[in-house]
Structures are given as C-alpha cells and as structure tokens.
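The following features are taken from TrEMBL:
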COMPBIAS  A:15-25  compositional bias 'Acidic residues'
REGION    A:1-26  region 'Disordered'
TRANSMEM  A:38-60  transmembrane segment
TRANSMEM  A:67-86  transmembrane segment
TRANSMEM  A:92-112  transmembrane segment
TRANSMEM  A:155-177  transmembrane segment
TRANSMEM  A:189-207  transmembrane segment
TRANSMEM  A:213-230  transmembrane segment
Amino acid sequence: MSREDADTVTVTVQDGDEESVPGDGEELRFSRSGAVSGFVSCVPVALGVGGYGLIFGVLAREAGLSVVTAVLMSATVLAGAAQLIAVGLWEWPIPAVAVIGTTFVVNLRYLLMGASLRQWFTRLSSRQAYVSLFFMADENWALTIEDLREGTGRGAFLLGSGLAIWIFWVLATAIGAVAGGRIANPETYGLGFVLTAIFLALLVGFWDGRTSLAPWAFAVVVALTVETIFPGRWYILAGGIAACLVEVIQDGR
Amino acid sequence: MVAEVSLTAVMVVFGMSVVTFATKAGGFWAIDRIEPGQSTRDALDALPGGIIVSILTIRLLEGGPAEWVAGIVVVLVARSTENVLIALIAGMGTLVLVRWGRTGF
C-alpha cells in the first residue's frame with residue numbers, strides 16, 4: 001500500500017509487478033499503471049472534492065472539532081456527505097450513537113455500489129479488493145464502473161482514483177480547519193457543479209438504448225418521491241433498487 | 001484551538017470509520033459469497049445507472065436554471081466527444097458564463 005503510494009509518479013507503463021488474473025471475458029490486471037491511470041483520470045474530480053473538503057474543514061472547526069480530529073475523520077472515514085452531517089450533529093457531550101448511526105444510514109448506498117463491482121472484483125485477491133473498497137467514494141466509483149465497462153482491465157483503477165480523492169479530501173480538510181472562516185466560499189467558483197457534470201457525462205456512456213429508459217424513468221420518480229418523504233440520502237438507495245426491479249421485470253419478459 | 005484532542009471524539013471518529021467501511025466492503029462481501037443467478041446479474045447491471053440517475057435528479061432539482069443549461073451542454077459535449085474531461089470543462093465554463101451573464105458582469 002505505502003509502496004504504491006510513494007511510487008505512483010515514477011512508474012513506467014510496464015513494470016514487472018503486474019499480476020494477471022484469468023477470468024471470464026477480458027483480462028483484469030491489478031497493476032501500478034492501472035492505479036496511475038485511475039489517479040490521473042480522477043484529478044479533475046478530486047479538485048471538486050477538495051472544494052467540499054475546505055467547507056468540511058471550516059464547518060468541523062465551527063462545530064468544535066480540533067484540527068487533528070477533523071483531519072483524522074477525513075483520513076479514516078472518507079465519506080463526504082456523512083461527515084458533513086456528522087459535524088452538523090456534533091456538540092458536547094458528543095451524541096455518539098446518533099453520529100455513528102447517522103453515518104451508517106447515510107452510507108448505506110455504498111452497499112449497492114460495492115455489489116455492482118462484483119463481476120470485476122471477484123477476480124482480485126481479497127486484499128486488493130478490500131483495500132480498494134476503502135477508497136471508494138461516489139465520484140471514483142462512477143469513474144471506475146465506466147472504465148471497467150470499457151474493458152480496459154484495470155483492476156487497480158478504483159484504488160488509484162480513490163487515492164487522488166483521499167489526498168485532496170484530507171489536505172483540503174486540513175487547510176479548511178486551520179484557516180477557518182478566512183476562506184472564501186468555494187461555491188463561487190462553480191465547484192459544486194463538478195460532481196453533477198461528471199455524473200451527467202458518465203450517464204451518457206451508461207445509456208444502453210431504449211432498454212435504459214424504463215429503469216431510469218422509474219428511478220427518477222422513486223428518488224423524487226422518497227426524497228420528499230424521508231430526510232437524508234435514502235432516495236439514492238431507493239432509486240437504485242427501483243431501477244434494478246424494472247430491469248429484472250423487463251428482461252424477464 | 002490548542003492541540004488538545006478529546007479521546008471521546010477520537011473514539012466516535014473510529015466508530016464512524018468502522019461503520020463506513022462496513023458499508024463500502026459489505027455489499028461486495030455479500031455478493032461475493034453467493035453465485036448470483038441471471039436476474040441478480042441483470043439487477044446489478046442496472047444498478048449504477050439507477051444510482052447515478054437518482055443522485056442527479058435531486059442535485060439538478062436543487063440547482064437552478066444556470067445548472068440546467070450547463071447540464072445540457074455537458075450531455076451534448078459528452079455525446080459528441082465521448083470524453084468526460086472535455087464535457088466537464090465545457091459544462092463548468094458554461095456555468096460560469098451563465099452566472100456572470102445573469103449577475104450583469
């Protein structure tokens with residue numbers, strides 16, 4: 001892990017470290033060059049994540065977290081929405097059950113995202129798969145699915161792209177926490193739109209002709225309905241499951 | 001502001017990291033232990049699109065007309081270039097221009 005980290009900048013395309021995994025269909029490799037590709041592809045996205053990191057750092061300090069605690073949280077939890085909600089709940093004494101419970105609920109969507117990596121990640125070793133999954137966030141998960149669906153066989157793409165997000169997220173948290181309210185609102189520079197734009201661009205690639213229409217339309221309706229009724233991020237889970245159900249019914253015909 | 005770190009705070013952060021990793025790893029862990037049938041595989045295929053559509057629905061709803069215009073530009077550029085980065089840059093540029101135009105810069 002730390003070796004990967006240190007060497008990401010200097011590796012060449014072919015290094016003797018690569019490990020081929022035989023599998024059904026295309027070959028999947030867990031290589032440093034794959035991790036580097038993931039890292040580089042994710043840098044523009046990670047800049048947007050860094051914008052959120054600044055906001056998180058500022059809010060964490062205002063909520064009474066020390067700089068060390070805020071940075072520790074970003075480095076070990078690595079889940080933007082859950083962390084922002086957690087510092088919103090933060091007070092003294094810390095409502096531990098509420099904070100940890102809310103974190104779990106807000107992050108339930110990761111269960112589905114992880115499951116969707118099945119066809120590729122079953123061909124990695126457990127250590128490769130689970131270390132990569134630690135670095136999974138909304139943004140790099142979407143980029144990784146897109147990359148793997150193209151058949152590039154880059155098994156380390158999630159890890160590399162996740163490291164890019166991790167570095168920007170942790171550094172930005174530290175800067176935000178230390179500088180506090182002296183930072184201008186990052187939203188001014190349109191950073192809040194980065195995630196929307198990335199997801200829209202990726203969705204164009206996910207469009208599978210008319211068979212995508214019914215699952216996506218149903219996901220929109222369910223997401224809107226659930227978002228109106230329940231607070232938090234249940235709508236992501238509900239919309240994802242809704243699309244699955246329609247797809248299964250559609251294919252079963 | 002001093003470097004006084006509360007042990008309770010660190011314990012809560014640890015708890016948060018444990019439940020978060022449980023969600024990130026748990027879905028793959030569970031699906032790795034069963035041999036999914038055809039309908040489960042179909043469902044997993046539809047999952048990424050469904051999740052992204054759901055996230056986008058609410059994000060676009062919370063945005064304003066400037067985001068919608070920029071969003072249309074992203075989709076059009078992504079369709080013609082098939083390049084996420086170029087689409088992203090075009091969308092961000094459009095958003096900044098539309099916002100400036102509206103505030104009379």
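Glycine is no exception: its Cβ is also placed from the backbone N, Cα and C atoms.
Against the transmembrane segment (A:155-177), stretch A:38-60 shows more Cβ pairs under 8 Å than any other of A:38-60, A:92-112, A:213-230. Under 8 Å from some Cβ of the transmembrane segment (A:67-86) lie the Cβ atoms of residues 49, 52-53, 55-57, 59-61, 99, 102-103, 106-107, 110, 134-135, 137-138, 162, 165-166, 169-170, 173-174, 177-178, 232-233, all in the same chain and six or more residues away from its ends.
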